[in-house]
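Here's the structure, in structure tokens; my notes come after.
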Amino acid sequence: MEKLNFLLKNTALLPTNLQKERLVQLVLLLNKWNKAYNLTSVRDPMEMLVKHILDSIVVSPYLQGNIFIDVGTGPGLPGLPLAIINPDKKFFLLDSLGKRISFIRNAVRELELTNVEPVLSRVEEFKPDHQFDGVLSRAFASLKDMTEWCQHLLTDQGFFYALKGQYNMEEVSALSAQFSVDKIIELNVPELVGKRHLVLLKKIRINLMNYL
């Protein structure tokens, strides 16, 4: 907890004591499961605080809307940390590997999270009965693949939230004409080596009246 408090001082985030306890508990659960199921290449719990917890929750101030889906979530990143500090928002966490979804289900039970829905599916095959205000991805795919594979999940007013390292103009150039970059935000992740960016993308709305 002391390490987490130290890291949080270098951000604008103000989680409650219960939320901080749950973030630490999530790290302990991930570390425990990782020994048996190899869920992440990060082995040190202190490193997990920086590379998985802080790297996820710094996105929180930029989320717009109430219902989100984290595609290719892996062991619930960034979805689980974001769900912990945003109890008023709903998060669907999608992955195609059973061991990852099993971990997420266990974490949801252990942490008593009521705003997380684990989904075992490939993103192209997932057909929900509603769309989402935001589609999140972290180390999932290129911007082009993310937008094309996930476009059926997003409302017309929603945003794609892509967590990236160094900003890559080639990825932007490869985007379909249906999508545009709305914002590129440089993220401050305390003690993380290397740059992190949040790329916000949206669908381009075509006014059919212009063609009549």
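Glycine is no exception: its Cβ is also placed from the backbone N, Cα and C atoms.
Binding of S-adenosyl-L-methionine is attributed by Swiss-Prot to GLY72, LEU77, VAL123, GLU124, and the same site annotation extends, among ARG109, ARG138, to ARG138. According to DSSP, VAL123 (S-adenosyl-L-methionine binding site) sits within a helical segment. The DSSP secondary structure for GLY72 (S-adenosyl-L-methionine binding site) is coil.
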